[in-house]
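*Asks:* Got a structure for you, written out below as structure tokens; questions coming shortly.
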Amino acid sequence: MAVQGQRFMTKTQHYRKVTKPLLERKRRARMNLYLDELKDLIVDTMDAQGEQVSKLEKADILELTVNYLKAQQQQRVANPQSPPPDQVNLDKFRAGYTQAAYEVSHIFSTVPGLDLKFGTHLMKQLGHQLKDMKQEEEIIDMAEEPVNLADQKRSKSPREEDIHHGEEVWRPW
């Protein structure tokens, strides 16, 4: 018999009552984990700049992070023409790759006794790789450009072309 004034809980209500504190603990643990990671990054950066950090509270960590992100955003607004870091890294890589290919070519042309056929093959391969890198970048650049559908002409659908030309479309079935 139930005690007067006491309600029975359904299984769902009991499940929620038990799991809510567990979920809250996990959420807090996750927040603290990322705050600790931010703290480590901030301390490393401040040590590299010669600043001594005695203690950082959670509010300090968040404040420094927000200030850093605002500074980065202002820097992007102030220099809109500066290439993104990925592009700078790609340009540096390409310049280093080209320099290395030049040095390989120089060695093959100046050191006697090296197989010229192998050297020619190697230089062709290096050239093909450099060309492929440039083509991949162009494809990525085209994919990132916004598409203006108003500027494009309407193309006929494949069915309209089939009707007008009488050609059959190959199908695997």
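Glycine is no exception: its Cβ is also placed from the backbone N, Cα and C atoms.
These figures come from a predicted structure and were not determined experimentally.
Grabbed the feature section from Swiss-Prot, which reads as follows:
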type	residues	note
COMPBIAS	151-173	compositional bias 'Basic and acidic residues'
DOMAIN	15-72	domain 'bHLH'
DOMAIN	93-126	domain 'Orange'
REGION	147-173	region 'Disordered'
MOTIF	170-173	motif 'WRPW motif'
*Asks:* Report, as numbers and ranges, which residues of the same chain sit near the domain 'Orange' (93-126): CB under 8 Å and 6 or more residues beyond its ends.
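*Replies:* Answer is 133-134.
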*Asks:* For the domain 'bHLH' (15-72), give the DSSP counts of helix residues, strand residues and coil residues.
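*Replies:* For that range the per-state counts are 49 helix, 0 strand, 9 coil.
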*Asks:* When secondary structure is assigned with DSSP, how many helix, strand and coil residues does the domain 'Orange' (93-126) contain?
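*Replies:* The domain 'Orange' (93-126) comes out at 29 helix, 0 strand, 5 coil.
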